[in-house]
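**Student:** Among the features that TrEMBL reports, transmembrane segment is placed at 62-83, 95-115, 141-159, 189-208, 220-246, 267-287.
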Amino acid sequence: MPANPELNMEQRQQQLVPAQATTFPGSFASDLRHDHRKYAKSRAWSSVLHSYFTDGWQDISIWKSAFIEFVGSTAMCYLSGMIHTTIGSFDSKAGAAYAGVTNLILISLFIFAMAPSSGGHVNPLITFTTVTTGLTGFSRGVLYMIAQTIGAALAGGLIRGSFGRDLTKLYQGGGCQVDTSLIDNGQAFLIEAVLSFVLVFLAFGVGLDPRCGAMFGPVVGPLLVGASLGLVSFSSIGLAAGYPGASMNPARCFSFSVARRDFHDQWIWWVGPLAGALVQTAVYHIAPPYHRQLALERASSRSEGLQTSGGKV
């Protein structure tokens, strides 16, 4: 008896998009994303916290998505190091423009490639911010950030193996090295923190807001996130002598530090984005996006309705 072609197609689609793989609210795959979170004021905080920290660890699809983040971070950090080394070899005053354009293309392509299978974060800054805003579950966030950091370390080793010791040191392993004799650590930290906030603020607006996906479809969001990174990175490159420009990706800078085997001032590239992420988290919770606020209002209305009906009985 011949197989049902419609059934086979449906099965293929289910295999291509595994359950819960990219349907979480923090995914850049806007056409697959759904908000399954439950809002209920009557739920005890202890129950909420228990679910937040324990759910998802046994979900194989999350582990597979984390593996994709590992592979993607390895490829992205290696390619980024190659690109910035090439730009540095030009010795051109247009280096900032080159970096801005290449960052636009680079991050857009990686989001397109990874969003259907992992959500396309490829950056601990994005993952951490979506965790603290409640768009990404705790287990997924932890696994993603570990995978991204390990992938970045592997890319750093590959960069050093590809360039050798002398060339790697000449081009600083790809970037993210501050000359403290020319610029203060505090200045570098402040620039990194502010521009990290600007990046996640834009990424949330153009990439994670469901209105953007509904209006422009699944294609425009990743391009706008890439454009945001390109513009923000362009604004800081060449800003001051001894400062390579904002990274806004801790894993990427960790990769370059592994390549040159120098972790001096590494804290700037981690604490700066962390500070920017916390500011965005505060903004998000003080003025929640319309869809989250609506869900909270509906939950409140249901709770009040149940209390009223209970009183009548």
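Note that Cβ sites are derived from N, Cα and C of the backbone, with glycine treated the same way.
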**Student:** Most CB pairs under 8 Å with the transmembrane segment (189-208): which of 62-83, 95-115, 141-159, 267-287?
**Tutor:** 267-287
**Student:** When you look at the transmembrane segment (95-115) alongside the transmembrane segment (220-246), do they share 3+ Cβ pairs under 8 Å, ignoring any pair fewer than 6 residues apart in sequence?
**Tutor:** yes
